[in-house]
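Features reported for this protein in Swiss-Prot:
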{"type": "COMPBIAS", "residues": "209-236", "note": "compositional bias 'Basic and acidic residues'"}
{"type": "COMPBIAS", "residues": "288-298", "note": "compositional bias 'Basic and acidic residues'"}
{"type": "COMPBIAS", "residues": "329-343", "note": "compositional bias 'Low complexity'"}
{"type": "COMPBIAS", "residues": "355-364", "note": "compositional bias 'Polar residues'"}
{"type": "COMPBIAS", "residues": "380-395", "note": "compositional bias 'Polar residues'"}
{"type": "COMPBIAS", "residues": "428-438", "note": "compositional bias 'Basic and acidic residues'"}
{"type": "COMPBIAS", "residues": "639-652", "note": "compositional bias 'Polar residues'"}
{"type": "COMPBIAS", "residues": "695-707", "note": "compositional bias 'Acidic residues'"}
{"type": "DOMAIN", "residues": "3-134", "note": "domain 'ADF-H'"}
{"type": "MOD_RES", "residues": "SER141", "note": "phosphoserine"}
{"type": "MOD_RES", "residues": "SER142", "note": "phosphoserine"}
{"type": "MOD_RES", "residues": "SER241", "note": "phosphoserine"}
{"type": "MOD_RES", "residues": "SER342", "note": "phosphoserine"}
{"type": "MOD_RES", "residues": "THR377", "note": "phosphothreonine"}
{"type": "MOD_RES", "residues": "THR381", "note": "phosphothreonine"}
{"type": "MOD_RES", "residues": "SER383", "note": "phosphoserine"}
{"type": "MOD_RES", "residues": "SER385", "note": "phosphoserine"}
{"type": "MOD_RES", "residues": "SER391", "note": "phosphoserine"}
{"type": "MOD_RES", "residues": "THR392", "note": "phosphothreonine"}
{"type": "MOD_RES", "residues": "SER467", "note": "phosphoserine"}
{"type": "MOD_RES", "residues": "THR549", "note": "phosphothreonine"}
{"type": "MOD_RES", "residues": "SER659", "note": "phosphoserine"}
{"type": "REGION", "residues": "209-438", "note": "region 'Disordered'"}
{"type": "REGION", "residues": "452-497", "note": "region 'Disordered'"}
{"type": "REGION", "residues": "531-557", "note": "region 'Disordered'"}
{"type": "REGION", "residues": "582-609", "note": "region 'Disordered'"}
{"type": "REGION", "residues": "630-707", "note": "region 'Disordered'"}
Amino acid sequence: MAGVSFSGHRLELLAAYEEVIREESAADWALYTYEDGSDDLKLAASGEGGLQELSGHFENQKVMYGFCSVKDSQAALPKYVLINWVGEDVPDARKCACASHVAKVAEFFQGVDVIVNASSVEDIDAGAIGQRLSNGLARLSSPVLHRLRLREDENAEPVGTTYQKTDAAVEMKRINREQFWEQAKKEEELRKEEERKKALDARLRFEQERMEQERQEQEERERRYREREQQIEEHRRKQQSLEAEEAKRRLKDQSIFGDQRDEEEESQMKKSESEVEEAAAIIAQRPDNPREFFRQQERVASASGGSCDAPSPFNHRPGRPYCPFIKASDSGPSSSSSSSSSPPRTPFPYITCHRTPNLSSSLPCSHLDSHRRMAPTPIPTRSPSDSSTASTPITEQIERALDEVTSSQPPPPPPPPPPAQEAQESAPRLDGEEVCKEAKVAAAPQVWAGCAEEPPRAQEPPLLQSSPTEDLMCTESPEQAVLAASPEPDASVTSVADAHAADTIETTTATTATTIADNVTPAAASLIDLWPGNGEEASTPQAEPRVPTPPSGAEASLAEVPLLNEAAQEPLPPVGEGCANLLNFDELPEPPATFCDPEEEAEGEPLAASQVLTMPSALEEVDQVLEQELEPEPHLLTNGETTQKEGTQQASEGYFSQSQEEEFAQSEEPCAKAPPPVFYNKPPEIDITCWDADPVPEEEEGFEGGD
């Protein structure tokens, strides 16, 4: 069964209801009814006349609902009455269907104080409705409801009660029980609160412990990290200290080694200086000149071998001084004396040190006296404390000596003379060969016999003035060879080529040229006296011998390197009767201690220093000699194994000219001034070596065997 519906006209229903309940509104009633054939409630009418006007609008054929506001005089507020109108002509089915709608309609219209059921106008009484509103029976004002109430009152029973007498024990138990549970509840709540607090405290304590543990772990890590850093720093400091100590030790070792090296170098320098000083002292103190012996042996060998066998002194090989008794590949067949002698052990055959043999015993005293008188100057003694000798190494001294020797150069040679002069030389050479062959036949005891027979000669003027560099082995210019060869008799012509390389070792070019003019005549006279067997030949005038012509581009000949501090000028070997008393080079006996008395040697020093010629006269003599030269491009045997020309040799001499000139500038003051030095760009080809031991030990054995 369907219920009443308010949805279709809900706004109209509520608007009419609001008009009734609002005090400001004039309307005080509203009538609602169903739509035709449906249960939808709608507004039928509204007005301001109260219950009387409302009762006039009810219809007998419809079910209607009236809502009215009734004002009571005793009440301040109005009352609201809901009238349920069921007309007499309404079907019963409709009445039964709408009976259940009253409660929903009263609920929809809130504030209904009294519900009045009416089917006619007489049921709508204003006095009855007001009475009911005043005593509270307004609900029962309906006759139907009144009858129903009366029927209920008749059937009602007496009302019972639940009251009981209060029992103190029971009441106390009940109260105690309630208090107990309340206390238990409170205790439980307190316990739970304590447990919560304990859990919170435990959690806080755990957090604190965890934080403390983390802090301790962090501190421990930091401590270990600091310890590790300290260890690393200590290790680094130790490593740095070790490195510093190692560096100091290395520096100390290096300094020690450096000091040792410096000490060794200093000791080596002192040793070399002491050797130089010792050698200089020995050279300065010796009264004889060992090189004289070898020069005389060369002359003897060249004289014994003949002029055809003697190699020209200008047919040389560079780097090696000329020596007739040294067999060379480019020289002619050697003589018997030179073939039997052994070559020198050093590349400098003329350089000797402390063991220089004293070979004066191989010659008679007469020859020794003639050598001493013909020597230009004695050996200049140089103090071992001389700074130029003691503090300078051997190589520098040799170089300076070479520079001093080559500081002066001769003028260029004139063109060679006509070949007519060659014929003049052939006869003296043949005579010299015969005389030297006779010298081989002479016995050894005759050497010492001549010493007693030959008286010393008084103050014969020396040929040449020596210079401080006479110990150096050098080769003179062609005019020096002529100076040594021109005063000799016919027998000396055979060795003029050899004398060109050997007789001029101790003198420079300028010194020889200046002393040549004044010494030719006295030297010739003294040589004539020395050769008694050839007096007739010496009395006759003799043409000047032929001198080899140097190359056109050369200005001076090669200088052979001699020892330092030797100053004796080599005289020509006598080839007269004394040649028979001379022994062969292989048959010479052991030489005596000295060549001659040092007193006699010292007597010739002032004469040698005083006899110095002027430059113009020396140059004129040199020009006359050079005009007679015929041989083309001679060569000299030098310290090497190959030949070199005089131009190259001259360049080698000029290479050392500057330093030698500076060192020996003061020593050249007593000598004649030389031409200015000539410098060359080509380095020297002379093999300069340090002082060596005795270069001819095998020849000494040969001398002993000859005895």
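Every residue, even glycine, has its Cβ placed from backbone N, Cα and C.
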Calculate the per-residue pLDDT averaged over the domain 'ADF-H' (3-134) and state the result as an integer.
-> 86
Across all chains shown, how many C-beta atoms besides its own are within 10 angstroms of the C-beta of SER241 (phosphoserine)?
-> 10
How do the residues of the compositional bias 'Basic and acidic residues' (288-298) split into helix, strand and coil according to DSSP?
-> 9 helix, 0 strand, 2 coil
